[in-house]
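A.B. asks: Pasting the feature list from Swiss-Prot:
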type	residues	note
REGION	1-43	region 'Disordered'
COMPBIAS	28-43	compositional bias 'Gly residues'
BINDING	53-60, 100-104, 158-161	GTP binding site
CROSSLNK	Lys174	ubiquitin cross-link
CROSSLNK	Lys245	ubiquitin cross-link
LIPID	Cys253	S-palmitoyl cysteine
Amino acid sequence: MPPQQGDPAFPGRCEAPPVPPRRERGVRGPGAPGGRGRAGGPEGHGVKCVLVGDGAVGKTSLVVSYTTNGYPTEYIPTAFDNFSAVVSVDGRPVKLQLCDTAGQDEFDKLRPLCYTNADIFLLCFSVVGPSSFQNVSEKWVPEIRCHCPKAPIILVGTQSDLREDVKVLIELDKCKEKPVPEEAARLCAEEIKATSYIECSALTQKNLKEVFDAAIVAGIQYSDSQQQPKKSKSRTPDKMKTLSKSWWKKYCCFV
């Protein structure tokens with residue numbers, strides 16, 4: 001299937017909303033993808049994507065906007081929630097599991113249960129929440145690396161639509177604060193060795209699809225690398241580079 005508007009093959013055209021997948025609200029425990037082993041099981045490839053970050057930075061809004069094309073009208077703190085869909089990547093089915101976690105301190109002991117078999121982390125902070133950005137390196141990276149030393153991380157700046165919001169800027173100014181500069185966020189991504197840094201908005205859906213496209217590709221690469229025989233490890237980088245280009249172009253539909 002040819003690339004669609006909003007695909008990485010079309011730089012600067014990431015505003016298009018994704019095609020909504022089927023959604024299954026998880027009813028099992030925080031770490032349960034529906035069975036044993038990695039997400040997807042033996043019948044097909046699977047990617048388990050875990051969203052982490054401070055409370056109220058918009059993690060749930062990202063998931064809801066991506067999976068339903070809707071937007072939550074009120075803030076309800078998340079405990080733990082699972083969403084899943086089957087996506088077509090390079091002509092093969094991939095089960096995408098999204099684990100939305102609670103950022104509040106009272107869930108610090110429970111939250112790591114969601115990290116089991118994680119293929120990719122979306123580490124979220126609000127671009128208009130300096131304290132949430134500070135916690136990226138002070139709290140979240142150490143927590144992730146304690147439980148998943150090698151899993152890739154994508155740093156995500158949420159609520160980008162509020163960067164120029166006058167009311168938000170006034171409130172920040174009262175506290176002698178400013179929005180997080182994009183340059184500072186990119187530098188942070190380099191320091192924590194994140195796969196990439198992407199700013200997005202769940203409300204306008206700008207760069208929203210790009211965030212989850214990147215998560216799927218990075219998650220598949222990581223999952224494959226964990227299963228690669230050691231003897232073929234030296235050939236992995238070139239092979240994955242070729243495949244990732246194909247996936248970026250062809251990942252554009254849900255089934």
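Glycine residues also receive a Cβ, built from the backbone N, Cα and C atoms like all the rest.
Could you place the listed features in the three-dimensional structure?
C.D. replies: In the structure as shown, the Cβ atom of Gln104 (GTP binding site) sits within 10 Å of 14 other Cβ atoms.
Lys174 (ubiquitin cross-link) has a Cβ environment of 8 other Cβ atoms inside 10 Å. Lys174 (ubiquitin cross-link) carries a helical DSSP state (H, G or I).
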A.B. asks: Just jot down the residues in the same chain as Ser160 (GTP binding site), at least 6 apart in sequence, with C-beta under 8 A of its C-beta; none if empty.
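C.D. replies: In sequence order, Val127, Glu199, Cys200, Ser201, Lys206, Asn207 meet the Cβ cut-off.
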A.B. asks: By a simple count of other Cβ atoms within 10 Å, which of Gly53, Ala56, Lys59, Thr101, the binding-site residues in the record, is least packed?
C.D. replies: Ala56
A.B. asks: Counting distance between Cα atoms, which of the binding-site residues Gly53, Ala56, Lys59 is nearest Lys174 (ubiquitin cross-link)?
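C.D. replies: Nearest by Cα distance to Lys174 (ubiquitin cross-link): Ala56.
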